[in-house]
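Beneath this line is the structure, given in structure tokens, with notes to follow.
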Amino acid sequence: MTISPPEREEKKARVIVDKDPVPTSFEKWAQPGHFDRTLARGPKTTTWIWNLHALAHDFDTHTSDLEDISRKIFAAHFGHLAVVTIWLSGMIFHGAKFSNYEAWLSDPLNVRPSAQVVWPIVGQDILNGDVGGGFHGIQITSGLFQVWRGWGITNSFQLYCTAIGGLVLAGLFLFAGWFHYHKRAPKLEWFQNVESMLNHHLQVLLGCGSLGWAGHLIHVSAPINKLMDAGVAVKDIPLPHEFILNKSLLIDLFPGFAAGLTPFFTLNWGQYADFLTFKGGLNPVTGGLWMTDIAHHHLAIAVVFIIAGHQYRTNWGIGHSIKEILENHKGPFTGEGHKGLYENLTTSWHAQLATNLAFLGSLTIIIAHHMYAMPPYPYLATDYATQLCIFTHHIWIGGFLIVGGAAHAAIFMVRDYDPVVNQNNVLDRVIRHRDAIISHLNWVCIFLGFHSFGLYIHNDTMRALGRPQDMFSDTAIQLQPVFAQWVQNLHTLAPGGTAPNALEPVSYAFGGGVLAVGGKVAMMPIALGTADFLIHHIHAFTIHVTVLILLKGVLFARSSRLIPDKANLGFRFPCDGPGRGGTCQVSGWDHVFLGLFWMYNSLSIVIFHFSWKMQSDVWGTVDAAGNVSHITGGNFAQSAITINGWLRDFLWAQASQVINSYGSALSAYGLMFLGAHFVWAFSLMFLFSGRGYWQELIESIVWAHNKLKVAPAIQPRALSITQGRAVGVAHYLLGGIATTWAFFHAHILSVG
């Protein structure tokens, strides 16, 4: 027998898929609960439907085979992408069929976006307000019109094509999801090959994706937007493909195209400076970032990511190995350092998801701030309603993602954490000194809470006593945010030093002039004062409490002094059995539950701060002499320094539009405001409640049914403690978010 040398063995192509692993069976899918042996037997009690929902997507409970779990998650991703593309297609279809997009394009300063017309059933057509240009419909605040203009879409036919393209894409995604689970399913080794994955994600998805987008921006968006900015009628603008096929059209707008690719290969890149610009600031016509700056940015990002994708060792013996990087990463005080983290992240999808959600959530909140400080789309900056809505949207989405990160970190700790792998590494060391971490964090929360709230209480008291000279304010005892002001000045001065070719600062929010578009403020310096200093410390307080709850849930998910064997009880359990009082509501799930309330609490204050600050100090009109009149007349600095000011001059004053909306086009928001308060109050019935009360009530109702011989075959059961809390928090958040939605919309659509 001949023994091949190892290097010849390695060169064989590896088979990394299984063929036809799982049959496609509609009969199986039609059976409710087919994924769980107990559930598949059908319902005995009403708890069955709850467990069906709780476990349908909990792949860990379907099988313990990591390969099968990985395949299910992979297939589910394609399903998710299909749902997203169908949803987007629907939005774009509405834009094509029911909207005033073309009228808005011709006059974006005076026509407001609308993509929904209500049918005249029992008088509901009152909701179709006059949005300008003779169109009546519901004003939308999703920013889609601004995005489409940025893409270079000039008519509804292009929107129809895009909508159909979205559906085709959804079909491809659905097919891919089915194909990669039922026909050619990747093996576990493929899912765990992190270097190839980084290679693909960085280089192909992010790198080539950005490069393709830069191409679209250069060849389609930039020329079309340049013509629209110059006031060329939409019907006279060439169609997107004409710019690509007819080079002379591009050369007329950007002479740099005349030289072709020669400057690229001769490294004479300056010739492309007319369409790859570095202007900084905002386009004075649209109030958005310069399209050519955005193209330049995406080209640079593409280069960075394509290079980054080449860093990792795959089939050739060069490049980084993630395992080696992690295992060599040891500090003087961190024991085994990052050893073991590679195994955690390649065998636990929860660990992977937890880190990704935490990063993505933080990034989403950063995006919320970029959308107003550096509005990327044309005419977004002057559409105040849209600005407020997309800020609020991104803030809340980010909050949910961060709480989800903590949830999956706790699930990782309970289900996937292996103490043998994590010996004296950074994770083990953090868990071992968790008492110090949590007690310090607790102290910080108490300190921040008392001091930040105390400043407000002091001001309320002094104002009530008629002693304004003793208040913390810009006109009495000043507490200026000096570090924030320093950062603002630094950024205003930076373009001359760090980016010598930039013509304007990165964002007028930091400093510079007032940019007005059509007599409305697009952006101007946001001056910070004592009121911002006070509310900033409330933000610090609420964020730290949220972190305290979530981090405690993760660090004590496996064990605590109270329940040393917590890991055996699972991610969610109501109490540690009978006879152990005081062990309720300590599971990982319960910490996520509590964290959600504080996340909502934190972010409500963030969006209130933003809404009032922008209306008071940024948004408004500019007259011919250059004088700015803000929506609420700059009242933030003196009113936002007391609790009473927040209640009276923000909540109550700005609720007048939603409260008085009946009989107007905004009346739906009045009903929503009422209905959402009701949903919120309904949540309290589940949150301030005991399971026994409901079970007792159900028993007597069942007795009455038995008396009348109409007893159901499926036994009614009261919600478990955990189910009741889940229903409670869901309605609390839904009610709170929809109330805020109605409050913000009715006000800003009236005054913005």
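Using the three backbone atoms N, Cα and C, a Cβ is placed for every residue, glycine included.
Taken verbatim from Swiss-Prot:
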- Cys575, Cys584: [4Fe-4S] cluster binding site (BINDING)
- His677: chlorophyll a' binding site (BINDING)
- Met685, Tyr693: chlorophyll a binding site (BINDING)
- Trp694: phylloquinone binding site (BINDING)
- 73-96: transmembrane segment (TRANSMEM)
- 159-182: transmembrane segment (TRANSMEM)
- 198-222: transmembrane segment (TRANSMEM)
- 294-312: transmembrane segment (TRANSMEM)
- 349-372: transmembrane segment (TRANSMEM)
- 388-414: transmembrane segment (TRANSMEM)
- 436-458: transmembrane segment (TRANSMEM)
- 533-551: transmembrane segment (TRANSMEM)
- 591-612: transmembrane segment (TRANSMEM)
- 666-688: transmembrane segment (TRANSMEM)
- 726-746: transmembrane segment (TRANSMEM)
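Features per Swiss-Prot, on structure.
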residue : record                        : contacts (Cβ under 8 Å, 6+ apart)
Cys575  : [4Fe-4S] cluster binding site : Thr583, Cys584, Gln585, Ile721
His677  : chlorophyll a' binding site   : Gly735, Thr739
Met685  : chlorophyll a binding site    : Gly728
Tyr693  : chlorophyll a binding site    : none
Trp694  : phylloquinone binding site    : Ala718, Leu719, Gly724
C-beta crowding around Cys584 ([4Fe-4S] cluster binding site), within 10 angstroms:
13
Restricting to the same chain and to residues at least six past its boundaries, which positions have a Cβ under 8 Å from a Cβ of the transmembrane segment (591-612)?
372, 388, 391-392, 395-396, 399-400, 402-403, 406-407, 410, 535, 538-539, 542-543, 545-546, 549-550, 552-554, 557, 632, 636, 640, 646, 650-651, 654, 725-726, 729, 732-733, 736-737, 740, 744, 748
How about the transmembrane segment (533-551) and the transmembrane segment (73-96): at least 3 CB pairs under 8 Å, pairs 6 or more apart in sequence, or not?
no
At a threshold of under 8 Å on Cβ distances, which of 159-182, 349-372, 388-414 pairs most often with the transmembrane segment (73-96)?
159-182
Contact call for the transmembrane segment (349-372) and the transmembrane segment (388-414): at least 3 Cβ pairs under 8 Å, seq gap 6+:
yes
Who are the long-range neighbours of the transmembrane segment (436-458) in its own chain, taking Cβ under 8 Å and residues 6 or more past its ends?
430, 471-472, 479, 534, 537-538, 540-541, 544-545, 547-548, 551-552, 555-556, 641-643
Three-state secondary structure, Cys575 ([4Fe-4S] cluster binding site) (per DSSP):
coil
On the three-state reduction of DSSP, what should I expect for Cys584 ([4Fe-4S] cluster binding site)?
coil
